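The next block holds one structure in the form of structure tokens; read it before the comments.
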Amino acid sequence: MQSSGHRFRDVEHHPLLAENDSYDSSSSEADMAERVWFIRDGCGMVCAIMTWLLVVYADFVVTFVMLLPSKDFWYSVINGVLFNCLAVLALSSHLRTMLTDPVSMRLRLSLCEVRAGLEELGAVPKGNATKEYMDNLQLKPGEVIYKCPKCCSIKPERAHHCSICKRCIRKMDHHCPWVNNCVGEKNQRFFVLFTMYIALISAHALILCGFQFFSCVRGQWTECSDFSPPVTVILMIFLCLEGFLFLTFTAVMFGTQIHSICNDETEIERLKSEKPTWERRLRWEGMKSVFGGQPSLLWINPFAGFRIRRLLLRAKKGGPEFSV
């Protein structure tokens, strides 16, 4: 390991943060929320759009092919409300995962907060490892800090560089193209909710398909749908395939995420067999650190912490600014 002094000599200036720029801790959270986190990656955007289209397709088949033609009013109402509520929660969780800025809560740190604050970062601000900035940290002799050579950032513990996001992400689990974002410390909760709700609507769609096939066969495909029998069969077969694939994938992802949270170990740390140098938060302590506070309905609410007032402020000031 190099000494801190040696690291000062190795630092290169980065255009995103000039030497006279500083991290102003007096900025309010509203100012920090002006920026919207969005990864402009072609593959990720295509996958995210496909996710929405597949959920909309499932909702269309369930609502217009299976429920509305049903003669049982309460069967249609209860299942329609349940499926659409789960779909809204799933898509909301997807949006929160995709658009959550992992660094928005602590984008700017005062110099005296850096060493304590690095542990609280999600995505690390690019270009903060300038020579003047690190000189102002007043490090003790022999004290070592790490710099990522790819994004020119001071690298906190448990951070890994993402080549797609082009910056270091603290507690990075993996980069998921389906949400067009890294799954890290600040948005892991929303990703877990996304996988859970997608698994639930997939299971619900498969159950409804089973009942619908049974009803159509018993009625000889005469009054089970407003569509012709061939079209109905094709739509339901595609929905069954979609539901089975999504249920399998999201259920596995949900299980691995809960396992990682309970063991306080990300997927990257597990694959690299990294020995923990941090104090692990196991089981319920890990769950509370990710979902926040004691178990409550807020744990399964993707709208928790969402403030409409901030969106209105952005609209008045000319819209959001994309960070990547």
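Using the three backbone atoms N, Cα and C, a Cβ is placed for every residue, glycine included.
What TrEMBL says about this one:
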type: DOMAIN; residues: 147-273; note: domain 'Palmitoyltransferase DHHC'
type: TRANSMEM; residues: 42-67; note: transmembrane segment
type: TRANSMEM; residues: 73-91; note: transmembrane segment
type: TRANSMEM; residues: 190-213; note: transmembrane segment
type: TRANSMEM; residues: 233-254; note: transmembrane segment
* Overall pLDDT of the domain 'Palmitoyltransferase DHHC' (147-273), taken as the mean -> 88
* Of the residues in the domain 'Palmitoyltransferase DHHC' (147-273), how many are helix, strand and coil by DSSP? -> 71 helix, 19 strand, 37 coil
